[in-house]
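First the structure, in the form of structure tokens, and then the observations on it.
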Protein chains: 4
Amino acid sequence: MGNTFGHLFRVTTFGESHGGGVGVVIDGCPPLLEISQAEIQAELDRRRPGQSRITTPRQETDTCEILSGVFEGKTLGTPIAILVRNKDTRPQDYQEMAQVYRPSHADATYDAKYGIRNWQGGGRSSARETIGRVAAGAIAKKILQQVAGVEIIAYVRRIKDLEAPIDPNTVTMEQVESNIVRCPHPDYAEKMIALIDQVRRDANSIGGVVECVARNVPKGLGSPVFDKLEADLAKGVMSLPATKGFEIGSGFAGTLLTGQEHNDEFYSENGDIRTVTNRSGGVQGGISNGENIIIRAAFKPTATIGQAQRTVNQAGESTILAAKGRHDPCVLPRAVPMVEAMVALVLCDHLLRDRAQCHLLT
Amino acid sequence: MGNTFGHLFRVTTFGESHGGGVGVVIDGCPPLLEISQAEIQAELDRRRPGQSRITTPRQETDTCEILSGVFEGKTLGTPIAILVRNKDTRPQDYQEMAQVYRPSHADATYDAKYGIRNWQGGGRSSARETIGRVAAGAIAKKILQQVAGVEIIAYVRRIKDLEAPIDPNTVTMEQVESNIVRCPHPDYAEKMIALIDQVRRDANSIGGVVECVARNVPKGLGSPVFDKLEADLAKGVMSLPATKGFEIGSGFAGTLLTGQEHNDEFYSENGDIRTVTNRSGGVQGGISNGENIIIRAAFKPTATIGQAQRTVNQAGESTILAAKGRHDPCVLPRAVPMVEAMVALVLCDHLLRDRAQCHLLT
Amino acid sequence: MGNTFGHLFRVTTFGESHGGGVGVVIDGCPPLLEISQAEIQAELDRRRPGQSRITTPRQETDTCEILSGVFEGKTLGTPIAILVRNKDTRPQDYQEMAQVYRPSHADATYDAKYGIRNWQGGGRSSARETIGRVAAGAIAKKILQQVAGVEIIAYVRRIKDLEAPIDPNTVTMEQVESNIVRCPHPDYAEKMIALIDQVRRDANSIGGVVECVARNVPKGLGSPVFDKLEADLAKGVMSLPATKGFEIGSGFAGTLLTGQEHNDEFYSENGDIRTVTNRSGGVQGGISNGENIIIRAAFKPTATIGQAQRTVNQAGESTILAAKGRHDPCVLPRAVPMVEAMVALVLCDHLLRDRAQCHLLT
Amino acid sequence: MGNTFGHLFRVTTFGESHGGGVGVVIDGCPPLLEISQAEIQAELDRRRPGQSRITTPRQETDTCEILSGVFEGKTLGTPIAILVRNKDTRPQDYQEMAQVYRPSHADATYDAKYGIRNWQGGGRSSARETIGRVAAGAIAKKILQQVAGVEIIAYVRRIKDLEAPIDPNTVTMEQVESNIVRCPHPDYAEKMIALIDQVRRDANSIGGVVECVARNVPKGLGSPVFDKLEADLAKGVMSLPATKGFEIGSGFAGTLLTGQEHNDEFYSENGDIRTVTNRSGGVQGGISNGENIIIRAAFKPTATIGQAQRTVNQAGESTILAAKGRHDPCVLPRAVPMVEAMVALVLCDHLLRDRAQCHLLT
């Protein structure tokens, strides 16, 4: 259990970091969507290791194969299975971690829960698992774009204490992809890259905040009460590795305002009911209101670092670990497409749910 | 869809603010649990309106009736249905809101989604819906307590900018319940109450942060990858009305540290693997590690306020609304048991899931 | 778990035979459906005990109350909770069965599974649980009728060895409801009633076969591969008390034909692709083909009988039981609306599923 | 949707007959189960085409690869993905069926539902999809065997009107596997093989009945009310291609008895409560009672036959089809491992469910 996400657009991922491969099965994709391997690959390329000097040097092309569900360039309405083989594996780098627990990593908890663990490269807890999510997200994005012109753009908003001033309402994918840290503000991007370079040389790591905007989201998505749109977005984002916090709209800062200051007043624009401000972040009462959906995710500094740390081994004996292996000094540049994917999965699922329930009798 | 929470300990709530009543069906509760109406009522009493001068004056005893699933004081293993009748309803107070949308409330989005809305008292989007959650949470708490001695305590950590210094590792339920704002720090509690009093007189509203700690949580709860414990906690909390943010452990502040500073080093204590610090908030890789689980939720200022605000009616015409009805100037004191309930529901569900999968062959 | 049916039109029943009451929560019902308490009550009246001399004499009006989800005569899109109180309870009739297991009844298995059981009137295993199904089925029927003109008619096809010749393509609800055994063939109905009368006098019981036809079902319902329409119909029907078998179309008899004899040849009628014969029973490859859906369910003779039977008590000691209580000598007349309800629930769920997945991009 | 089976032992299959391959993802398998590729392959070999002269001559070794979830010979508790490549594909054989609908096959309904169809070899509606089920069933069987000594044996009970007298209580796997038709009665097996040979020569097809027994099933499996054990068994079996009927225990024949004749009287054997007869088929009230579970499935004659049949093409024009391609004249010999797999999946899922709910507080 726990490896499926979504109710109608159902995504099940599989695979460990070292083993036959990783992948995804997507059940519930509408038929007749034109989709190509290349479109999915383009998203995977944004996520893959080794894409720049500030990511892990592990060399994986992450080439995907569509095993099923697509015929003559179109989806069949049957499960779409996508497989990416593991290639550049170095199990020997992880030999020490077979016995010794990395602080703040999943090694110890996997052992405690399952009594067994593929210790090579993090096994199932590796961020490599997100390949399946990003592949599925590519399809969800295309559906959303085709049905409603939805546009989803994530970007690095903050690295450690370097916070870039960015307007989510106008940011473009081109700006985001114009630099290797994926911060759409060139000056801040430069500073962030320099900071990550420094941290990498120190065999240390840093975190930060990814922000994501979804534009042109139709009104009416979200299923109160438990499957409120913000609740499912929170779950999706908080299921990504290394996340420690989630916000929508005004978030934690919004708690410093009074209701009179915080409320988004309504106005009418060509018969469409809009809000003057958007502290709600595009969602009211768990349902999208047509304004831009804006969320933020806090990513902690990467747990695996080269510096020596005190820890214990499986027997509970104290020891020192200076992790080998190839790791990201900062996960955020590669987390950007992951956040986009999760937002796309949530929105696509709720688009289908809304069509099922609320458009039948009208 | 959207009104069920949990996979094995499944909670389905129903009911609108004004109508026959609100309630819950709990499916999957283990048999032979001793439970009484009084134990459930005790939790509902912490949530009910009119409990103090800083909550809404709506007078509801919220007396619950157990309709099924309990026989001679013990659970049967069959669905437990619990019903609370609506008593002190004043539909006339909401007559204006049948036509006019309250800013930042769910009125407009419910109309957009469903094309119909019970406008009396917020209908389904009323916080009254959480009665079912709190009732189910009372049962989940008891299971957790009996099986593993788990203790769940939430409290008001911050009201607007008044942040109380509280140690989640030592806080007691008695301290929390010693004052009407449910802040376990007496001095801050007093200031908070004064601030809420002031805001109420101003026909305005305020928000803040609820923190929750779960102690004695067994290692191994959580189902990577999508149903990571923090992901389900985030969803549970963010499905509560008025939430805008969620954090676990170090949260957003943790992104300001380096990995070397942030990582929780391991040590061994009587054969038990522990962490020196707890920036992880009791969860690593989506699985509980036996340390205290610590989460925080941001609640925005109440949307419904008595002050005049610009808005539109259903026809899209501009108008001014000064809301009537009886509302909380600050939802946090009553949100405390709601947060506890959601944490309990998540932990109980994952306790059952863990028993099913990970204890079968060992 | 186990008390919810359906994926998008989700029905959760609750309640024991003796206790606060029985009922249902329906989640996922489309908004804006006109529905009244009277329409639901009409279906419950077809199911209720005491409706004729050949059913159990337990006197229950089974009056239902809609607790939520309906406002001013229309569904809200929120959960619809419906409650029926237990009235004519006689726990004393079941005192002996608190200790002694009725042969072929659920007494012993409930004790084995749960370690506890509400022995009054069968508790959760009572057919009284189906009240919630029939109430939900009334709503599902109305949706199906409004969206596609679907008509669902079940009837008694056989009682013991009395099999009536009935054409499912032309049978009417009026014919079915014209007699108390719900067999639309007057002569056979008379014989069946006489047989049940005889069996009741003998303190014995009998079973038979209910057949059900669904007409005007749109093409395309059913979700291969596991949720094939016939698979979900089988599950729905086999979850009713006392069922031992399920067939669709040619059923078991179809296995006596060759492929050349059994296949339904296609022809075209005004541009619509039809089949000459209907051995498929309206479903091919798990998907409705627009022909009449025809299924049959085998109901065993009622387990609880007044005749003395050898059995054991909870301690495993041999004893003799001649059951008291008020029981149906033959469940089939009251099973007719139950079968209709389950067929309606399956079709309605798949109608919503089909709209969600297969009508988004076309 | 529709491609996942099970609640805790969750099986998702993917793949079309002609394409990259077919396979399965199993989520929820307990960790630490020893399992090898060879054990899974052994079951697939019982299902594969070309295994004897009475099955389709399509030559597929159906060699499986375990992509994930197993490490050093043991399950990890993470998703187990298994892939079988399609090898001996002949799309040209199906060129005609791209336009012309085979009577009683899924061609027309897939087109009606999805508006697109992989017409090569039946695409998703091919029995090739069941490879994933059989692979997953091999794992489920092993769990059941290890935890409780459960033994599941299916066999051909009847081919057309040739019904073999077999005692499900004593039949052995060795007897079943001793001949190519998988009927454990040597004389009848010979007659059945001769009949299938004849039908194959006639370019026709036949069906029959598969019976399955599960022995040593623990008491207490099954989740009333909707997920009764017989309901989930019915769904599992009826989701297999070509099934038209399902029975448990006395089945349809049981409706010819009175309650006094049909009821299974209880007795006590070494403190264990048993039944003298087993007309219930091992399940009472939806819960296993410890007796042998006995079910039967009706398989219709194969739809695809070489004889000429009247049908229509996609445009609705009348035409004649004499199907090319390589088909089974009788699916039953290969259906035997499929039925075993579905029974194993249902029992394994309910074993986990029972452990989760009913063994927590006891």
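Cβ coordinates are placed from backbone N, Cα and C, and glycine is handled just like the others.
Summarising the annotation, Swiss-Prot assigns NADP(+) binding site to C:Arg47, C:Arg53 and lists sequence analysis as the type of evidence. Marked as FMN binding site by Swiss-Prot: C:Arg124, C:Ser125, C:Ser126, C:Gly285, C:Lys300, C:Pro301, C:Thr302, C:Ala303, C:Thr304, C:Arg326.
Swiss-Prot feature annotations superimposed on the structure.
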residue  : record               : Cβ neighbours (10 Å)
C:Arg47  : NADP(+) binding site : 25
C:Arg53  : NADP(+) binding site : 11
C:Arg124 : FMN binding site     : 30
C:Ser126 : FMN binding site     : 20
C:Lys300 : FMN binding site     : 28
C:Thr302 : FMN binding site     : 27
C:Thr304 : FMN binding site     : 24
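In this structure, C:Ser126 (FMN binding site) belongs to neither helix nor strand by DSSP; it is coil. Chain D comes close to C:Arg124, C:Lys300, C:Thr302, taken from the binding-site residues C:Arg47, C:Arg53, C:Arg124, C:Ser126, C:Lys300, C:Thr302 by a C-beta to C-beta distance under 8 angstroms. Within 10 Å of the Cα of C:Arg53 (NADP(+) binding site), not one of the binding-site residues from the list C:Arg124, C:Ser126, C:Lys300, C:Thr302, C:Thr304 places its own Cα. DSSP assigns C:Thr302 (FMN binding site) to coil in the three-state reduction, placing it in neither a helix nor a strand. Reported as a whole number, the C-alpha separation between C:Ser126 (FMN binding site) and C:Arg47 (NADP(+) binding site) equals 13 Å. For the binding site of FMN, formed by C:Arg124, C:Ser125, C:Ser126, C:Gly285, C:Lys300, C:Pro301, C:Thr302, C:Ala303, C:Thr304, C:Arg326 according to the record, the largest Cα to Cα distance is 44 Å, rounded to a whole number. When the Cα atoms are compared, C:Lys300 (FMN binding site) and C:Arg47 (NADP(+) binding site) turn out to be 18 Å apart. With a threshold of 8 Å between Cβ atoms, the binding-site residues C:Arg47, C:Arg53, C:Arg124, C:Ser126, C:Lys300, C:Thr302 that neighbour chain B are C:Arg124. C:Arg53 (NADP(+) binding site) falls outside any helix or strand according to DSSP and counts as coil.
Reported as a whole number, the C-alpha separation between C:Arg47 (NADP(+) binding site) and C:Thr302 (FMN binding site) equals 16 Å.
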